[in-house]
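**Q** According to TrEMBL, the record shows the following:
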type	residues	note
DOMAIN	2-118	domain 'PLAT'
BINDING	G17, D79, D80	Ca(2+) 1 binding site
SITE	W103	site 'Essential for stabilizing binding to COTL1'
DOMAIN	117-672	domain 'Lipoxygenase'
BINDING	H368, H373, H549	Fe cation binding site
Amino acid sequence: MPSYTVTIATGNQWFAGTDDYIYITLVGTEGCSERTLLDKPLYNDFERGAVDSYEVRVGENLGDIVLVKIEKKKYWVQDDWYCRYITVKTPSGDYLEFPCFCWLVNDKEVVLRDGRAHLPQDDKTSLVKQHRQKELDGRRKTYRWREWQPGFPMSIDANRHKDLPRDIQFDSEKGVDFILNYSKAIENLFVNQFMHMFQSSWSDFSDFEKIFVRIKNTISEYVMQHWKEDFMFGYQFLNGCNPVLIRKCKKLPDKFPVTHEMVAVSLERELTLEEEIEAGNIYIVDYEVLDGITPNSTDPCTLQYLAAPICLLYKNAQNKIMPIAIQLGQVPGEDNPIFLPTDGQYDWLLAKIWVRSSDFHHHQTITHLLRTHLMTEVFGIAMFRQLPAVHPAFKLLIPHIRFTIAINTKAREQLICECGIFDKANATGGGGHVQMVQRAVKTLTFRSLCFPDLIKSRGVDSKEELPTYFYRDDGYKVFSTEFVSDVVNIYYTSDESVQGDEEIQAFVKDVCSFGMQDLDYCEFPKSVKTREELIEYLTVIIFTASAQHAAVNFGQYDWCSWIPNAPSTMRKPPPNKKGLANVNLIVESLPDRGRSSWHLGAVWALSQYQENELYLGMYPDEHFTEKPVKDAMAKFRKELAEITSSIKKRNEGKKLPYYNMSPDKIPNSVAV
């Protein structure tokens, strides 16, 4: 009787093993094996991390093995099982790999195809076509769209982390419990004695050191020492947490009536302000999106305030970006003065603090939450709904969606929900953050997620003009790696093969029509017509989930742990006159001791990498089995290593090294 050797690998994560009954059926072109119980006498099968082999005997040759069916039946108590992969050795000595990488829960069966990727038009037999369709039908019932808030990108239909499909849950929910992690952070930072001291102001700037000195690193220490200086204020628009807003000013907006006389003393080239604008030396940052947002009123004992400032920046003769004018509201007038470096020391400092606070809100809610977390979830849900496991785009994207839907669900459960942690310390808590996302979605186009387009649209693409814009330089390098192009060209031989792939077209359409709700202003494509368009589309997804998220997430402790540099709330209204500010007013405006402690715990927790983090290019789950793709992965890792090396070399000796886009510090996916 012919015999097949079946090898099964159980996952290494907690509780991956099982004592349930496991059955296998081999499906070939010439017939099927009997349903066979995989069980060795006096042996504990399917333990965590185990690789077990079994013989499956058949009455006749099955032909080419097309599918493997695995079933799990309850033995004693409910016992989930995580199967990594199955290999089948045929009677003729050939080896076939069947990637699984999923949980079998309850009495579940999984039907697997071998690891070679196939486009839908390449499948010719009804058996594999039906398998493909059945998988997608099941996924669409499991991964359902839901609108969490009106005007938001759509999210997964689940109220809590435990309601999610098992395959996309965290291995251990405890590890991503925000309340637990923030409390742990507050304890680790030795600030727990302050965390309940709401309404209690610090005595002066140096008093903030009481909660700062416990954890130090080179950047946060440098920020603490230099935060008041104009060069440090300007530098953060290039390489801080939110390096996405600075744009070249081609014409001063009417709402910001800065004159040459106001700023002449700050200009260094013996040119008028108009001439400096024409020469390309003037930049602007406008927080218009914050105008009219309702400030946090969840604590009746503390009034909190927001502003929507406009800031004019000047590239001086040393190529440093320096602030030269700040207006704290959108409507000019006597009660909305333009603050200048020539004003009183504290007037100017307070104006800059208001800009930094506004930048913090824009960063957390729009740059970070909306444009990385929520957008990656949209791509992820559409992927599960429209691309079967055998599709090359699914295999390419799945490592970059890992845990994203889980972290977002946990955030909706604990962080950004009504009465969530976000309300405790943020002026945009209590609903302001929801208004901000609703407003920002209206300018969120697909092209604005495409890194080179976004840089160019802001007029900051020239290295000659802005030689120290490291976020731009490193982002270009990572975005232009050839991995996605290499993989797409392995499977798509022409533009016609892209157009003929109904699954990839359904995926792109699902993102636009359901994920973005086909909003008139979203400008997301509904189809891709060429290989080039598909390469760009997939690159945008991977870049958003990995490099862009890393750039705006992991520097939060560096730049935001010194509270006066990134206040999460302001407790006094923005000044409407010059000459009012002094140290007392500034300290009374800054977050109190309790809010400062919650803020510090948050930025520390958000800046931590996951345990067993997988960085860009690390793909331990082998969804792809073909050699050309494995070669492309090796080439990708080599490209990334060269980028890492060049960034490390550039950073040597720098007081402010920029490493947030270094590939060795970019996780594959949005998971924190």
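Think of each number as a place in line: the chain as shown, counted from 1.
Glycine is treated like the rest: Cβ placed from N, Cα and C.
Remember, TrEMBL labels are computer predictions, not curated facts.
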**Q** Taking the Cα atoms as reference points, how far is H549 (Fe cation binding site) from W103 (site 'Essential for stabilizing binding to COTL1') in Å?
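**A** Each residue's Cα considered, H549 (Fe cation binding site) and W103 (site 'Essential for stabilizing binding to COTL1') end up 28 Å apart.
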**Q** Sorry to bug you, but what's the C-alpha spacing from W103 (site 'Essential for stabilizing binding to COTL1') to G17 (Ca(2+) 1 binding site), rounded to the closest Å?
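**A** Answer for this pair: 10 Å between alpha carbons.
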**Q** What number of additional C-beta atoms lies within 10 angstroms of the C-beta atom of H368 (Fe cation binding site)?
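**A** Around H368 (Fe cation binding site), other Cβ atoms within 10 Å: 21.
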**Q** May I ask for the distance between H373 (Fe cation binding site) and D79 (Ca(2+) 1 binding site), taken between their Cα atoms and rounded to an integer number of Å?
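**A** It is 32 Å, counting Cα to Cα.
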**Q** Round to a whole number and give the Cα-to-Cα distance in Å for the pair H368 (Fe cation binding site) and W103 (site 'Essential for stabilizing binding to COTL1').
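**A** Between the alpha carbons of H368 (Fe cation binding site) and W103 (site 'Essential for stabilizing binding to COTL1') there are 30 Å.
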**Q** If I take the alpha carbons of D80 (Ca(2+) 1 binding site) and W103 (site 'Essential for stabilizing binding to COTL1'), what is the distance between them in whole Å?
**A** 7
**Q** Taking 8 Å from the centroid of the Cβ atoms of G17, D79, D80 as the cut-off, which other residues in that chain fall inside it around the Ca(2+) 1 site?
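**A** Filtered neighbour residues, in order: F15, A16, T18, D19, D20, F46, W81, Y82.
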**Q** Within the domain 'PLAT' (2-118), what mean pLDDT does the predicted structure show?
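**A** When the pLDDT values over the domain 'PLAT' (2-118) are averaged, the result is 94.
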**Q** Which residue counts does DSSP yield for the domain 'PLAT' (2-118) in the helix, strand and coil classes, in that order?
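**A** Going through the domain 'PLAT' (2-118) residue by residue, I get 0 helix, 59 strand, 58 coil.
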**Q** Tell me, how many other CB atoms lie within 10 A of the CB of G17 (Ca(2+) 1 binding site), whichever protein chain they belong to?
**A** 21
